[in-house]
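What follows is one structure encoded as structure tokens, with my remarks underneath.
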Amino acid sequence: PPPALSLGTVLAPLCMLRNLSSLAPFSILGTVGLGFTALAMAFRYLSGSYATASPLLAAVAAPLQPAFGVAGWKAFFKPKSAILLCMLSTAYLAHYNAPKFFNELQNNTVARYNKMVGLSFLLSMTLSVSVMSFGFLTFGGAASGLILNNYANIDPLMTFCRVAVAAAIVASYPLTFVGVREGTFDLLNVPVKDRTPSAVNKMTFALLAAFTGGALVVKDLSMILSVGGATLGNFLVFIAPALMFRATFKGPESGTERRVAGSIGAFGVVMGALGCYMSFAK
């Protein structure tokens with residue numbers, strides 16, 4: 001089957017790489033593909049290709065056709081917006097690979113590392129905002145969790161974008177997977193000396209099989225993003241840093257900072273609870 005073929009011939013070899021710098025060409029390819037997709041979505045919106053009575057719109061399933069309400073910008077202040085905020089908390093979670101990125105960076109000074117991180121986050125933010133904005137402007141409330149599902153199958157431009165996004169996912173998958181694999185070893189208390197190439201390969205295949213099996217079952221990507229963001233994302237972005245700060249700085253001179261940290265942590269708890277409730281309600 002195609003999933004097993006891609007797992008064994010593409011993902012597994014990439015995930016077994018020991019050096020993340022080897023993934024640089026694939027990462028560049030993925031970034032180019034995402035950039036092209038953002039431009040294609042902008043073109044389709046500005047050209048009105050999915051406006052009323054267009055040929056492409058007729059080829060889109062009814063539940064995925066554009067649907068717009070009347071609330072306008074005020075809808076942002078409704079509880080449902082918590083779903084979006086929870087999704088956003090998963091957009092920049094790359095801290096688990098930070099040590100590897102620093103160690104493998106050429107001439108790895110702190111200044112060069114900060115510059116790399118700043119430019120990477122700026123590019124990621126630009127792509128994320130562009131795709132989110134043009135996807136919503138085109139399809140409104142009918143926008144799918146995977147926005148490319150909204151575009152017609154007979155649309156050649158967006159078909160190419162699907163291929164480009166697939167390449168981007170394959171290219172970026174190993175970067176995330178490495179963090180999961182190392183975290184699993186840590187949770188199992190496996191000493192570094194015991195993480196032999198054989199052990200790493202076995203763990204790689206076990207995790208890939210589990211994740212691929214789950215991906216074949218789960219159909220609603222937006223649910224995964226919103227619930228994951230509401231729980232783990234909010235914990236890592238808002239709650240955990242606040243707890244660590246309050247545990248580290250306990251003197252009276254840090255009273256104001258501790259209160260601010262506590263407020264940030266409380267905000268994370270509230271947003272997480274609201275996001276989970278709205279995700280399941282939706």
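For all residues, glycine too, the Cβ spot is worked out from N, Cα and C.
Among the features that TrEMBL reports, domain 'Amino acid transporter transmembrane' is placed at 8-280. Per TrEMBL, the feature transmembrane segment maps to 20-43, 55-76, 119-137, 157-178, 199-218, 224-248, 260-280.
Residues of the same chain lying 6 or more positions beyond the ends of the transmembrane segment (20-43) and with a Cβ under 8 Å from any Cβ of it are 14, 49, 97, 100-101, 104, 123, 127, 130-131, 134-135, 138, 147-148, 157-158, 160-161, 163-165, 167-172, 174-175, 178.
Beyond its flanks by at least six residues, the transmembrane segment (224-248) meets 82-83, 85-90, 93, 95, 145, 218, 257-258, 261-262, 264-265, 267-269, 271-276, 278-280, 282 of its own chain at Cβ-Cβ distances under 8 Å.
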